[in-house]
Amino acid sequence: MTRHLLTAADLSRDEATAILDDADRFSQALLGREVKKLPTLRGRTVITMFYENSTRTRVSFEVAGKWMSADVINVSASGSSVAKGESLRDTALTLRAAGADALIIRHPASGAAQQLAEWTAAEAGAPSVINAGDGTHEHPTQALLDALTLRQRLGGIEGRRVVIVGDVLHSRVARSNVLLLHTLGAEVVLVAPPTLLPVGVRQWPVTVSHDLDAELPAADAVLMLRVQAERMNGGFFPSAREYSVRYGLSDKRQALLPDSAVVLHPGPMLRGMEISSSVADSSQSAVLQQVSNGVHVRMAVLFHLLVGAEQEAISA
């Protein structure tokens, strides 16, 4: 049966841990290699479909596939028949017919990845679909790389207190992180203005707060979210300056964190708004470590979906 990764809820604790373990193994296997190539996905075709702008996610999926010797093909809306009016369904069926083993999709519509998996389903030869971010819904591989970074920095995730700050309403990263961190045993606190919290958020497995200063001293990690102005139609807060004063991670606020705490950001960062440059570049920041881990996590995800966890992840 074709396997997909559409939401962080698809992963059990054991499955998520296995992916994180294999991500670490891939990292170690590539360490010191002059040529960063493993034969794991030789002969497989991986197609990325990005209908929204992306740097980190698109590049890391491409690098992940190439480091595993897959044939990686990039499809963008502007450079394909989508620009001529072709529907997502017809594009998906075309790529399935062309022999794709995996389709990695980023799309502005929530639920696009699920729809893609349903359209391309077949008795045989259906590609695995990986959600690389669908609207405000989810971004499961981002949650996995964040979890890997936390595990490396903190020594574990069970019982850790993770504070997620900012535009939760429009954040697929927040949704996937809440699901995965809860699965892995972390305590999650959401800090945001009331206007940037989803309806029904108090039914999530989280604590909700509007006071960032009160939450920082007990935090093991802080995940700062970008304000997604491109998804906003109205005034969700009075001004960027007021938002930064109330919810930005400034140098002064960083001093409230324990010395062992970790600062995460999925990027792109709005320096000076949700995070100061000095905090982003400080020793507590794991932003670049997240990027490195993104490649290894996506290697592990491709391996688990296309090869199977029962086979050896690393070979010469």
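Every residue, even glycine, has its Cβ placed from backbone N, Cα and C.
Given the structure is predicted, the values throughout are model-derived calculations rather than measurements.
What Swiss-Prot lists as carbamoyl phosphate binding site is ARG56, THR57, ARG106, HIS139, GLN142, GLY267, PRO268, and the listing cites sequence analysis. Annotated L-aspartate binding site per Swiss-Prot: LYS84, ARG172, ARG226, in sequence order.
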Pairwise CA distance, HIS139 (carbamoyl phosphate binding site) versus ARG172 (L-aspartate binding site), rounded so that it is a whole Å: 5
Secondary structure at THR57 (carbamoyl phosphate binding site), reduced by DSSP to three states: helix
Integer Å distance between the CA atoms belonging to PRO268 (carbamoyl phosphate binding site) and ARG172 (L-aspartate binding site): 14
Extra residues within 8 Å (Cβ to Cβ centroid of ARG56, THR57, ARG106, HIS139, GLN142, GLY267, PRO268), carbamoyl phosphate: SER54, THR55, ALA132, GLY133, VAL173, PRO266
Pairwise Cα distance for GLN142 (carbamoyl phosphate binding site)/ARG226 (L-aspartate binding site) [Å, integer]: 14
Intrachain C-beta neighbours of GLY267 (carbamoyl phosphate binding site), sequence separation six or more, cut-off 8 angstroms: THR55, ARG56, ARG226, VAL287, GLN290, VAL291
Binding-site residues listed as ARG56, ARG172, ARG226, least Cβ neighbours within 10 Å: ARG56
For carbamoyl phosphate: widest Cα to Cα gap among ARG56, THR57, ARG106, HIS139, GLN142, GLY267, PRO268 in Å: 16
Local Cβ density at THR57 (carbamoyl phosphate binding site) - other Cβ atoms counted within 10 Å: 23
CB within-chain contacts under 8 A for ARG106 (carbamoyl phosphate binding site), separation at least 6: MET49, PHE50, TYR51, GLU52, SER54, THR57, ARG58, ALA132, GLY133, ASP134
Three-state secondary structure, ARG106 (carbamoyl phosphate binding site) (per DSSP): strand
Those residues of the chain, 6+ apart, with a Cβ under 8 Å from that of PRO268 (carbamoyl phosphate binding site): THR55, ARG226
